[in-house]
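Everything below concerns the one structure shown next.
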Amino acid sequence: MAQQGKVEPQDQDSFLDDQPGIRPIPSFDDMPLHQNLLRGIYSHGFEKPSSIQQRAIVPFTRGGDIIAQAQSGTGKTGAFSIGLLQRLDFRHNVLQGLVLSPTRELAMQTAEVITRIGEFLAEGSSSFCATFVGGTRVQDDYRKLQSGTIVAVGTPGRVVDVTKRGAMRTESLRVLVLDEADEMLSQGFAEQIYDIFRFLPKEIQVALFSATMPDDVLELTKKFMRDPTRILVKRESLTLEGIKQFFIAVEEEHKLDTLMDLYETVSIAQSVIFANTRRKVDWLASQLNSSNHTVSCMHSEMSKQEREKVMGTFRNGSSRVLVTTDLVARGIDVHHVNIVINFDLPTNKENYLHRIGRGGRYGRKGVAINFVTQKDVEVLREIESHYHTQIEELPVDFAAYLGE
């Protein structure tokens, strides 16, 4: 689920000020938004726009291309959902908006947010927004498109498929959003993204949103964006407010015992544990389950249905621990997660930011704990340098950071 209630805004000074025309708008009521869109915003639980929403929504509604970057858990999905919905004409049941996400789970969550915020624009109909992801029948996609889908949210592979089959008509598209744009423009997705662009109207508005925006990705955007408005945070700001970061020096063979000790030391509402391989995820989940912890695990080799079931169990609290690979490092929001454990440090620096954003979202207090072997020391230093942050050794009284 997305945000319920107040978002703690980022420090205003964390945004670059060299982009002309970017003025923070502190209230949704002061933005040029349709009355029924405002009804949806407030009924969804938004109270005050976050920093990225204050800066990105109005430029989005003007129709120009936009590149927006902000930390995980600060309302990026809300920002582009509101901007997108304001740009659509609900009098016409044709496809007008396309949102591309790197994973099925993120696509489904995004579609839920758009559906709820756009409820009153669509006069109560939930069918205006549909998902197009792998693991579902193509015939079901045809049915959705024929029933008047106005916003499509999908993964690149499936969107390419239904577009090439002629099922997804793109001539009326007004807006394309690339969510988690750094991942979407990586080598794994780049070819599919370029395939999709071949089918899009020349004058389509393109919006990129992500927590990280490396220089090579910004360079790529020059190929398909026209004079975009840029809202970029300063590199030294790319750490998470409300997330206290620690490390534990531990060798590989002692990691499991250290993990067990942690769970015996403090009472944890819900936690996410990241490991780098599917095999280790399965092994960790098995070890924790045998110690009477309620544990779920998720990785890319599970079917779509299995992954949805796991996330449902974790969201409703039936499971208190989720062990996973980087599959869910982006975009999954579970309200009661207050601790993230990197059993293995991530293999790429950008994923560190996405991982630790699972705890303490939307201003809630959270803790990130990194298990660091002797071989990992240099990696940890690189992470600290990249984000201009300091990761402290876990203190004896660390339970205080969880509100105990």
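Each Cβ is built from the backbone N, Cα and C atoms, and glycine gets one as well.
In Swiss-Prot, the annotation motif 'DEAD box' applies to 179-182, one of the ranges 59-62, 179-182, 387-390.
When the ranges 26-54, 287-315 are checked against Swiss-Prot, the one recorded as motif 'Q motif' is 26-54.
A simple way to gauge crowding: the CB of Thr74 (ATP binding site) has 26 other CB atoms within 10 angstroms, across all the protein chains here.
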